[in-house]
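Here's what TrEMBL has on this protein:
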TRANSMEM  A:6-27  transmembrane segment
TRANSMEM  A:60-79  transmembrane segment
TRANSMEM  A:91-113  transmembrane segment
TRANSMEM  A:140-158  transmembrane segment
TRANSMEM  A:179-205  transmembrane segment
TRANSMEM  A:211-231  transmembrane segment
TRANSMEM  A:238-258  transmembrane segment
TRANSMEM  A:264-282  transmembrane segment
Amino acid sequence: MDALLQFIFSGMTVGAVYALVALGFTIIYNASDVVNFAQGEFVMLGGMITVFAHQAGLPLPLAAVLAILATAALGVALNKLAIEPARGAPVVSLIIITIGASILIRGATQLIFDKQLHRFPSFSGDDPIRVMGATILPQSLWVIGGAVAVFVALWLFFTRTLTGKAVLATANNRVAAQLVGINTGWVMTLSFGLSAAIGALAGVLVTPITLVSYDVGVALALKGFAAAMLGGMGNPKGALLGGLLLGLLEALTAGYLSSQYKDAVAFIVILGVLFVMPQGIFGHKSTERV
Amino acid sequence: MMTARGKWTQLAVLALVIALLPLFFPSGYYYRVGALIFVNALSVVGLVILIGYAGQISLGHAGFAGIGAYACALAPEHLGLHPGLAVILGAVVSGIMALLIGRPILRLKGYYLAVATLGFGILVSMVLTNERALTGGPDGMSVEDLGLRALLRDLGWRLSGGEFWYGVSGFVLLIGAWLALNLFDSPTGRAMRALHGSEVAASTVGVDVARQKLRAFVISAVYASVAGSLLALQNGYITPDVAGFMHSIEMVTMAVLGGVGSVLGATLGAAILTLLPQVLTVFAEYEQLVLGAVMIVVMIFLPQGLLPSIARRIRGRGE
């Protein structure tokens, strides 16, 4: 029982990171129908920039804010320089562009910073908290809390603010949104910036636990994508639940079945979901117009 | 559109390039690079059939290359099979795998298809990495020699390893290109291209869409598998990287870079991306940076790929 609880804690922690990556995917996908394979690199940048800004003497909170802002700027640049010029390109081209961007960002990070593993101190110390025979790191609470906070903030943004509603309108029907005067180009820019910032935040939160190096992004992007798909592509609620569920499944697999194959869970889940219910848990069945 | 004459022109160009290129090689090392280009081009020609003809995407074809490669490494050791026959065994296993997973996967479209194939590829590479007892894990395993070179030597034809594999890979690539070009104008090829244009339209004129997609998937899987086998045999050594995600991405990038509808273009794409790391050895740290930049720039400015874009420019000037 204690072991189970322990697995659940670690699963929730990892799952919260997947959820944040999946939320990032969702925002961009809704605004532009682009699946951004560079999403994992935003997480990596959040961690790396914080590490080096902190080493350069900035206090940790300031370093984290700097990392999030810098990554958001990069997200905007990605949209302006690579996605917008390729508007209307087939899916294969867009996949290659975003994968190219992720390779480019990785290559640049490795040149500008280095190839080592890094971490910075946890926000509230490293003394584990005991809960019913299991333990949880204070940093895990930060990660899980961060994911929930981002979700709630996004929900408020999309339902309570005019800008958020403009994003939703663009997601629903770009042409109609343009007709009622929404600047859809600006919505895209906003979405990329927001999505990059959320990714970077995930990186800032999780680095004290999992460490960061230039190449952690690929796996995170793939698993975040699996999480988004599990919950239903384009649905924020699905992204949150899909992420947590995937984290739990991984932790339980590692605990009870095989730690070697824990990384396989995400892909078995993807294939299973796609075969059985391609629309995911919360997705709608889509019909194609001829 | 490509005509029957276009087919023979393309094959002749390819054959001439393969035959004449060694005249410009300053050292034996270039045969190795050439052989590697041809092997990559072979798997990319398979992707031309899948992506260019049938309009489907796969981000997991390295999985099939992995199956082909490890068939050559494992079958001689455990089944006592000759390495040459192991290539065929690998191709058969890849084909059957593609048939089994293709049926449910190919109902998906766009990103969903991309991710499903990606998941398959990653699962294959994970099995190859984790089943240490069988595959040697991430360190890889050695591959038995084909024995053909020794045979040729006994017949009095002395070839270096590089020269031998340059010839073999070039020959197999020519056959692969010939088959792919034949397919283009065949009823099957036409059906594939029709469903690429519009699945609904294709099915109303009687094309069995699911069946043709599956065919393209299986054929391209066999191409990737044979390429993987050749790679294993010529290196004499194999690691799970051959089945890795990055290899799948490289394959698709090569195909799209050169021009995904054209066999020659695919070969050009394979040549460029294979040469890139060789050229950049001095600037090894810049390799990823350059690769990423090339991928983005080509997709934005030459969405049709290099060869079709260049061809259009030349034709445009002639008019």
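Glycine is no exception: its Cβ is also placed from the backbone N, Cα and C atoms.
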> Which stretch from A:6-27, A:60-79, A:91-113, A:140-158, A:211-231 shares the most C-beta pairs under 8 Å with the transmembrane segment (A:179-205)?
Replying inline: A:60-79
> Are there 3 or more C-beta pairs under 8 Å linking the transmembrane segment (A:91-113) with the transmembrane segment (A:6-27), counting only pairs at least 6 apart in sequence?
Replying inline: no
> Do any residues of this chain, six or more beyond the ends of the transmembrane segment (A:211-231), have a C-beta under 8 angstroms from a C-beta of it, and if so which?
Replying inline: 15, 17-22, 24-26, 29, 35, 37-44, 47-48, 51, 102, 105-106, 109-110, 113-119, 203, 237-243, 245-246, 263, 266-267, 269-270, 273-274, 280-283
